[in-house]
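> Handing you a structure now.
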Amino acid sequence: MSVTAAQGFTASGIAAGIKENGNPDLALVVNNGPRLAAAGVFTSNRVKAAPVLWSEQVLKGGVVSAVVLNSGGANACTGPKGFQDTHATAEKVAETLDLNAGEVAVASTGLIGVLLPMDKLLPGVERAVAGLSEHGGEKAAIAIKTTDTVHKTSVVTKDGWTVGGMAKGAGMLAPGLATMLVVLTTDADLDRDALDRALRAATRTTFDRVDSDGCMSTNDTVLLLASGASEVTPKQEEFAEAVRAVCDDLGQQLIQDAEGASKDIKVEVVGAATEDDAVEVGRSIARNNLLKCAIHGEDPNWGRVLSAIGTTRAAFEPDQLNVAINGVWVCKKGGVGEDRDLVDMRYREVHIVADLAAGTETATIWTNDLTADYVHENSAYSS
């Protein structure tokens, strides 16, 4: 049920004609209350798409009555006209639903540098409104796909309240956040500050640690909407954990559907002096293309792990580093460890542990291997 699992929400997904292949490309999520609150996290890319700039302003009000999302065009790097189109989209949603346009968030995903076909999008909004349903979450999740092969949803149900969510993303997955659009909903009765604390804590250890290809999008948007319909106010810790669980599940689905990937790689850094050190090392390993190619070839090349660690500013002694691949400590104290032939890499999941032997802090980054399919898909993306 995705975003409609929580009480107080309706959603829809339709084909407005934005995509040339005729697939669904316009989603709408509406918060029917009774007590609305919202929080959001956006890309840290300095080049921000028009819908990101618009939605950042909307979130300052702390209330989001509706979110309209299109796939098939990012509306990024489109100048003043692109922002005008975003404004017009919000106005159309507001007019059709009798809302305030300043409470309508907008999100877009697709090719950068191309204006959206507003002659198709605006009539599509009317059809999306007509299709709103308490069971429309799956259709909405399908409509935001781009190169995704599957739609991504998640739900956590607690004692009298629920957190649900949908996500899209398959390429340009990198910290800050990852080419992804995410809408989370809850019927818990919470204010914007409680939502903001929970969302930022969740994204820090989930979406921000998904690093499929090291490319940061212009459009990343994660929204958390509360309706208050359950009339239950959970403890902050319990709510934050539910949001984290949904984000973690969606993040894993993003990695599993990464473009062209044949291996899902969990990079776990342990024994770091600080968490920042652990994250920096994890990112360096996850972004090492030589290592990603080796993993694709089922080669447990621990030397490339050490090489990646060595490019960081983290505290460690080279002769104290240890590396395990799928449970085999192939590197011990900076040199040869157990027999690398013992490493079984036949399966999709690959687990790398890098022990810095410099402290007690840890961090985990998720990435993928680098394949010919990834290169092919992205070399032909705009053609």
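The backbone N, Cα and C atoms fix where each Cβ goes, glycine too.
Owing to the predicted nature of the structure, the values given are computational and were not obtained by experimental measurement.
Among the features that Swiss-Prot reports, substrate binding site is placed at Thr146, Lys168, Thr179, Glu259, Asn378, Ser383. Annotation comment: Swiss-Prot describes Thr179 as active site, nucleophile.
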> Can you see whether DSSP assigns Lys168 (substrate binding site) to helix, strand or coil?
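Reduced to three states, the DSSP call for Lys168 (substrate binding site) is strand.
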> Out of Lys168, Glu259, give me whichever of these binding-site residues has the highest number of other Cβ atoms within 10 Å.
Lys168
> For Glu259 (substrate binding site), what is the secondary structure state per DSSP, taken as helix, strand or coil?
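Once the DSSP labels are grouped into three classes, Glu259 (substrate binding site) ends up as coil.
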> Give me the count of other Cβ atoms within 10 A of the Cβ belonging to Thr146 (substrate binding site).
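23, counting other Cβ atoms within 10 Å of Thr146 (substrate binding site).
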